[in-house]
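Database features, via TrEMBL:
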type	residues	note
DOMAIN	33-112	domain 'Manganese/iron superoxide dismutase N-terminal'
BINDING	HIS56, HIS104, ASP193, HIS197	Mn(2+) binding site
DOMAIN	122-225	domain 'Manganese/iron superoxide dismutase C-terminal'
Amino acid sequence: MALRRIISNNKTLARHLGSNMNYGNLRGVQTLSLPDLPYDYGALEPAISGEIMRLHHQKHHQTYVANFNKALEQLHDAVSKPDASAVVVLQSALKFNGGGHINHSIFWKNLAPVNEGGGEPPKGSLSDAIEKEFGSLEALVQKINSEGAALQGSGWVVITTSPSPRTVLSSSVCVFDPLVTKGSSLVPLLGIDVWEHAYYLQYKNAKTDYLKNIWNVMNWNYASQVYEKECP
């Protein structure tokens with residue numbers, strides 16, 4: 001019974017990955033693969049350097065994918081034995097690396113080059129929701145930047161919505177966990193990576209400058225599409 005419950009939790013994680021999953025195959029186990037970026041590595045400059053984007057995508061995100069797949073293969077072996085102790089031990093690796101993959105897959109979509117709409121303010125129903133919940137876009141940006149700057153160590157700050165129970169907009173701070181661990185109905189609209197690997201090479205210890213400049217390439221069009229789908 002306990003073993004089936006643990007496996008079920010992994011299926012919940014897989015459902016939350018949804019369209020952010022690129023699949024491969026390893027010994028009959030469906031695995032993840034690194035998603036392509038929808039723009040060139042240098043396309044977000046000067047807000048985010050091409051060198052950071054290349055390292056962030058090819059090294060950090062790729063490591064999450066590789067380690068998730070390794071843990072998934074080990075889980076497959078543990079379940080087939082069955083070895084309940086091994087299944088329990090593997091949960092933290094799946095959660096950490098699966099969460100890293102989910103968050104980064106969304107993060108790449110949250111960004112866009114300036115000549116492709118990056119930095120343009122939200123329109124339509126999302127703009128109205130921001131005005132209603134926070135008073136203005138500027139107030140929302142200030143809140144997110146304050147939460148990101150105050151986050152000690154590594155983590156993410158995320159703008160969320162929830163169709164059930166109905167929540168127009170809120171913000172959430174997490175370390176590496178995907179939002180599903182905070183509530184299965186929470187939907188991420190925009191997330192900012194405030195792990196040091198996302199900015200330190202360019203901004204050094206000036207995290208506040210990174211948080212300020214990243215809004216110049218924020219893809220509000222993507223956030224609006226998600227919001228209108230989830231909260232029609």
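Note that Cβ sites are derived from N, Cα and C of the backbone, with glycine treated the same way.
A TrEMBL annotation is a machine prediction, not a hand-curated record.
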Three-state composition of the domain 'Manganese/iron superoxide dismutase N-terminal' (33-112), taking helix and strand from DSSP: 61 helix, 1 strand, 18 coil
Mean of pLDDT values spanning the domain 'Manganese/iron superoxide dismutase N-terminal' (33-112): 94
Mn(2+) site, defined by HIS56, HIS104, ASP193, HIS197: further same-chain residues with Cβ within 8 Å of the Cβ centre: HIS57, HIS60, HIS61, PHE107, TRP195, ALA198
Under 8 Å by Cβ from HIS56 (Mn(2+) binding site), counting only residues of that chain that are 6 or more apart: HIS104, ASP193, HIS197, ALA198
DSSP helix/strand/coil residue counts for the domain 'Manganese/iron superoxide dismutase C-terminal' (122-225): 52 helix, 25 strand, 27 coil
